[in-house]
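Colleague: Encoded as structure tokens, here's the structure I'll be asking about.
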Amino acid sequence: MGKGGAISENVLKKVLLSYAYVAIWIFLSFSVIVYNKFILDQKMYNWPFPISLTMIHMAFCSSIAYLLVSVFKVVEPVSMSRELYFKSVVPIGALYSLSLWFSNSAYIYLSVSFIQMLKALMPVAVYSIGVTLKKDKFKSDTMANMVSISLGVAVAAYGEAKFNSKGVTLQLLAVAFEATRLVMIQILLNSKGISLNPITSLYYVAPCCLVFLSVPWLIMEYPLLRDNSSFHLDFVIFGTNSLCAFALNLAVFLLVGKTSALTMNVAGVVKDWLLIAFSWSVIKDTVTAINLFGYGLAFLGVAYYNHSKLQALKAAEGQKKAQQADEEAGRLLEEREGNERKIDSQK
């Protein structure tokens, strides 16, 4: 087979692998969301203890991450002082614990489809908090796009057949804390040259989450579990649920590492539509035409936002390459002039 055929095979292999990573991530993300809904919903498994469920996830994930990083050394740890850990990682752990707690709590009150629609507000929250904390610059066109996304979500909420104000409040708080966490990662870690992949993130952050969540758990859920004589921990249900949650983090590691964060964003849109379809067809949640129209508006806004970010990244990359080319040309010119001076001095 010729050189062109070999190149085509390599390209085809890379494309197929990329699709495989996307499919694995969508499947696992889909599974974790539906599984959590199944456990927490009072009409299904009926175990309405979101803090306990989150703590089980964090205990399982931190244990596996510890084995991978410290025992088997599959993943390299990040060099980090104790001061940096308490000033940077601990606040991020606190925000993550609140985000997970409120997000899981929302499954008790809202349908899977409506939760995915509310999650479309994530770019709005990230941008707004980024501007507030001076991490992003205010741009009128970007803000107009954020308003269009918010309007779409508001229309979807207006059309929700089983609107629950408590559930909506919990999900909006989850979005706010998650957006703050993402911005604070840039401020507290990335700006200091520290980059955590999903495994090292769990290694450092999950134990913090466990500690923070133990406080509301002792006050709100432990007394109920203690007094409930019929309670027993189903190791098959919670074990497989925790395994799915950890596998999802591995899938994120593969997807972002082998493709890009933008690919994950696009895959996330596909996953959201699949979840809405699943929620309507299998779980039998009510999805109205107004729901879909509102989410369609929000979806277009999110798609435009992702496109704008891609264009900005391409422009920045092109500028960086041009700067490197100019520096290389300047270096070569200096070497040439130096060689010419040597030749002139030897004459």
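Cβ atoms are placed via backbone N, Cα and C, with glycine included.
Annotations in TrEMBL come from automatic prediction, not curation.
Annotated domain 'Sugar phosphate transporter' per TrEMBL: 20-306, in sequence order. The region 'Disordered' feature in TrEMBL is assigned to 324-347. Here TrEMBL flags 16-35, 47-72, 84-102, 108-130, 170-189, 201-219, 231-255, 262-283, 289-306 as transmembrane segment.
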Colleague: State the non-local partners of the transmembrane segment (108-130) in its own chain: residues 6+ outside its ends, Cβ under 8 Å from one of its Cβ atoms.
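Modeller: Those are 33-34, 37, 40-42, 48, 50, 136, 142-143, 146, 149-150, 152-153, 156-157, 160, 162, 164, 166-168, 170-172, 175-176, 178-180, 182-183, 272, 275-276, 278-280, 283, 285-287, 291, 294-295, 298-299, 301-302, 305, in sequence order.
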Colleague: For the transmembrane segment (170-189), which partner among 84-102, 201-219, 231-255, 262-283 gives the most CB pairs under 8 Å?
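Modeller: When the Cβ pairs under 8 Å are tallied, 84-102 comes out ahead.
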Colleague: Under an 8 Å Cβ to Cβ limit, what residues of the same chain, 6 or more beyond the ends of the transmembrane segment (84-102), are close to it?
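Modeller: Same-chain residues near the transmembrane segment (84-102) but 6 or more away: 50-51, 54, 57-58, 170-171, 173-174, 177-178, 180-181, 184-185, 188-189, 192, 194, 204-209, 211-213, 216.
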Colleague: For the transmembrane segment (47-72), I need the partner stretch with the highest count of C-beta pairs below 8 angstroms, choosing only from 16-35, 231-255, 262-283, 289-306.
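Modeller: Out of the listed stretches, 231-255 contacts the transmembrane segment (47-72) most.
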Colleague: For the transmembrane segment (16-35), find every same-chain residue at least 6 residues outside the stretch whose CB is under 8 Å from a CB in it, and list them.
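Modeller: Tertiary neighbours of the transmembrane segment (16-35) are 112, 115, 240-241, 244-245, 247-248, 251-252, 254-255, 258-259, 263-264, 267-268, 270-271, 274-275, 278.
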